[in-house]
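Here is what TrEMBL says about this protein:
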BINDING   C307  heme binding site
Amino acid sequence: VFKVHEPSLLTRPFCLAVDVLTPTGLFATNYGAYWRQMRRICAAELLSPRRVQSLSWAREQTAWEMVDSISSSAKKTNPVNLSEMIFAVTNNTTSLAAFGRLKFDMILGEIIEEHKIKKSKNFTKEEDLVDVLLKIQEDGNLDVQITTRDIKSIILDMLGAGSDTSSTTLEWAMSELLKNPEAMTKAQSEVREALRSKPTGHRVNESDIKGLTYLTLVVKETLRLHPPAPLVPKEATEDFVINNDEKGEFFIPKGAKTVVNVWAIGRDARYWLEPERFLPERFLDGCVNYTGGNFEYIPFGGGRRMCPAIPFAVANIEVPLAMLLYHFDWKLGDGRNPEEVDMIESFGASVRRKNDLILLPIIHES
């Protein structure tokens with residue numbers, strides 16, 4: 001469905017909630033000239049590696065604030081609700097990147113108008129994603145002109161995907177590391193060794209963690225076991241037949257709703273050795289990556305409708321995760337051994353933890 005029959009499955013099924021919130025966003029819009037143009041803008045302008053790097057200030061600022069808050073609790077030996085803190089840091093990062101502000105306290109139309117006024121007065125500040133979209137709209141060199149409504153939809157797509165995907169993955173990464181102390185030790189040792197020469201009180205920044213192999217492996221393995229979007233919906237635009245060597249042919253009629261079970265594929269023993277085991281080292285050879293070419297590993301989907309926000313999402317995960325590993329050791333808030341952390345899932349649009357992650361942080365003296 002991501003390769004041979006992809007042309008027949010490029011449309012998303014209608015969803016009322018998505019249509020109301022983001023009627024012209026990338027997720028909801030049917031495949032066509034407008035969708036291709038907006039996908040191109042997102043990939044080349046909003047979410048390019050250069051643009052993602054330029055937003056490192058937002059990731060660092062919000063992660064530092066999280067570390068300060070956790071440190072305050074650690075000094076009082078108070079447990080923290082890490083689930084709430086993780087959601088706050090990823091939501092704040094995405095809001096800063098999109099609007100240049102922490103609080104989403106104005107309707108999008110007012111935010112966009114505010115950006116236009118500041119631009120007309122040559123107001124200098126860090127360029128955020130609304131600025132980029134307004135610049136593209138103003139240039140007018142587009143096959144399909146974009147409206148303020150389109151900008152709202154794209155930004156809401158970014159807010160939803162950027163916050164939810166990153167927070168879910170970060171929460172599960174910490175859960176898996178707690179449950180697997182050997183992996184936790186490796187991850188912490190790698191980050192701390194990379195920063196060993198830094199002075200006491202050094203604030204970790206994005207450049208400090210570039211090239212940390214095991215940290216990348218931890219994120220990849222977390223996404224295999226806990227893909228943020230476990231089910232990928234598609235709708236057939238024509239009749240077609242899927243050939244299966246084991247079960248014969250399946251006729252898919254036009255208009256049929258199909259679902260790709262990403263969660264099940266990531267735990268399928270036909271493709272993964274010990275699929276239920278958290279083993280970051282399985283990705284060491286580097287043959288399997290996020291690009292959608294390995295159909296046994298599709299945490300961000302595959303084909304033409306694959307998520308364009310991979311660099312943004314991964315950066316939003318790796319930076320705060322590195323800080324949590326560098327600055328603190330962790331125990332369960334109720335006194336149990338870390339390996340006893342519950343891993344109960346709550347199914348929905350994303351697969352989050354059912355219960356919040358309540359942990360006791362212990363400041364690591366570097």
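Keep in mind that glycine also has a Cβ here, set from the backbone N, Cα and C atoms.
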CB contacts for C307 (heme binding site) [other CB atoms within 10 A, all chains]: 23
Conformational class of C307 (heme binding site) under the three-state DSSP mapping: coil
